[in-house]
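Data block below; observations after.
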Amino acid sequence: MTTPALLPLSGRRIPTLSPGAASFPHHRATLRLSEKFILLLILSAFITLCFGAFFFLPDNSKHKRFDLGLEDVLIPHIEAPKGAKHPGGQVVIHGQGDHDEHRHSIVVIVIITHTKKSADFNRYRLNFGPPIIGIGVDKSYSVNLISHMMKHAWDSYRQYGWGHNELKPLAKKGHSTNIFGNSQMGATIVDALDSLYMMGLHDEFKDGQEWIEQNLDFSNAEVSVFEVNIRFIGGLLAAYYLSGQEVFKVKAVQLAEKLLPAFNTPTGIPWAMVNLKSGVGRNWGWASAGSSILAEFGTLHMEFVHLTYLTGNPAYYQKVMHIRKLLAKMDRPNGLYPNYLNPRTGRWGQHHTSVGGLGDSFYEYLLKAWLMSDKTDTEARKTYDDAIEAIERHLIRKSNGGLTFIGEWKNGHLERKMGHLTCFAGGMFALGADGSPDDKAGHYLQLGAEIAHTCHESYDRTVLKLGPEAFKFDSGLEAVAVRQNEKYYILRPEVIETYWYMWRFTHDPKYRQWGWEAAQAIDKYCRVSGGFSGVKDVYSSNPTYDDVQQSFFLAETLKYLYLLFSSDDLMPLESWVFNTEAHPLPVLHLANLTLPGSQAQR
């Protein structure tokens, strides 16, 4: 809106009186017209200025400071109940319910206070458009969409699945899987806590905290050690560090104690499953003759080091360091880590190496162990660098169309297929670029960008603009799923995770644009009246739903989207390291601190 320019008085034609024709009444009328015109122009400019200010000046009432020493960040205002009164002078963003025809728009209500007793309400409808690149949260339409998506996912779970691990949003009831022993452990509540806190949804956070205080119980369930560690222990520790509420630390330690019997194997490599009551462990029957899985026993380090740090109990640190020492002594075919290791014999199982499922977060945690130690754990960094060098030599290739991809090594053969899970690696390469040996930081940042591009192509080449579970690079097909059972999208976060890391390290606006495209696609095709659901075929214009709202959708996908459109001051990477479930844990400055039991492991 352009403010009309005021013409200088010297340039405006004003009626004059001829000499000797002193008509006083005429002179007064002339002055009145001039005064009215000037006043009208001034009033018009003032109104225009005030009106524009409500849209373009920041709303200081929306800025709060986390109790973490972070810079000011926006806490999104959530819609008040119908009929509630709003204070004057405030801009309030409102979501539009669950109806398809409204869910891609917001309403901005501008409240202009004329007196203490009355206010004039003017409504303006705005469509969500591309994020405003290069700015913080406070002026981005995109962050409002993400917070509304989070609110819809949480409220739906609160209404239909409260206390269950996950939600069936079409059936509108709770959902449980065998990774949590089919018990009601409230996985979505624990997984979502830190996302709620970051987004300023403190009433929702409080509801979750109250459920955990009163209902979270670990007495009788057989659970996945890996899943419980990354979702429950990681989620509880993050909630503790963010909020300072002691109950989260207490619950995390109680649960960790019940996981320790899983390490009672001949090698110290933990079982995949453990009964929280009896302490009896076992492995998945399908996992290469009862082997433990690399990504599962290799994704404990971050949480267990923090447990020792918080409790002074050396057992947690010693368990994960023992795993590292054992792996360091083993031969690795072509420098690669196979995905399977037998916890009884200490021998590798099937020679299958993947940076996607079964292997992925093992490599991630090597890098993040170094970062979390304030870059003092040089052993972890060296192990990561060696592993990445072998991966680049044997698994990373370029397709005929110029797309960089990470294949899977199976018994001496490279399978030219990449999974959605593997797409996290673009962010990992970028995160690990600084500190790379032989001045290869630029190389790994570029490699991260190439992986991000490939994974974006896997989204862009579908009808729904959502990525398939796996996609191939052979027989003339590139970044496209071939099998029907690989065409699904279950609300996964890995591609968006890489967008976020690439944005943080490059500030290339395309990563926000790509994230915005994904957010719109999720909201358009995965949102249902009872929450969000995965879809079974991303190449179909009429997709069917899998009827599961995964807990990681609230923990990871929505969090990474929110961070992508937020200021870098929200959760700076110099201070926080995110576990593989996107739960942030603070960097431990250990220069003058020795973890209990650490000397014995050196």
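Every residue, even glycine, has its Cβ placed from backbone N, Cα and C.
TrEMBL annotations: computationally assigned, not manually curated.
These numbers come from a predicted model, not from an experiment.
Copied from TrEMBL, the annotated features are:
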- 37-57: transmembrane segment (TRANSMEM)
- GLU227: active site, proton donor (ACT_SITE)
- ASP360: active site (ACT_SITE)
- CYS423-CYS455: disulfide bond (DISULFID)
- GLU469: active site, proton donor (ACT_SITE)
- GLU494: active site (ACT_SITE)
- THR580: Ca(2+) binding site (BINDING)
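Cα distances from GLU494 (active site) to the recorded positions ASP360, CYS423, GLU469, THR580 are smallest for CYS423. Between the CA atoms of ASP360 (active site) and CYS455 (disulfide bond) there is a gap of 16 Å, rounded to the nearest whole number. Counting every protein chain shown, the Cβ of THR580 (Ca(2+) binding site) has 24 other Cβ atoms within 10 Å. Counted within 10 Å of its Cβ, the other Cβ atoms near GLU469 (active site, proton donor) come to 21, all protein chains included.
Within the same chain, residues at least 6 positions away in sequence whose Cβ sits under 8 Å from that of CYS455 (disulfide bond) are HIS420, CYS423, GLY426, GLY467, GLU494, VAL495, THR498. The distance from the Cα of THR580 (Ca(2+) binding site) to the Cα of GLU227 (active site, proton donor) comes to 10 Å. Summarising the environment of ASP360 (active site), the number of other Cβ atoms within 10 Å of its Cβ, over all protein chains shown, is 25. Separation of the C-alpha atoms of GLU227 (active site, proton donor) and GLU469 (active site, proton donor): 19 Å, rounded to the nearest whole number.
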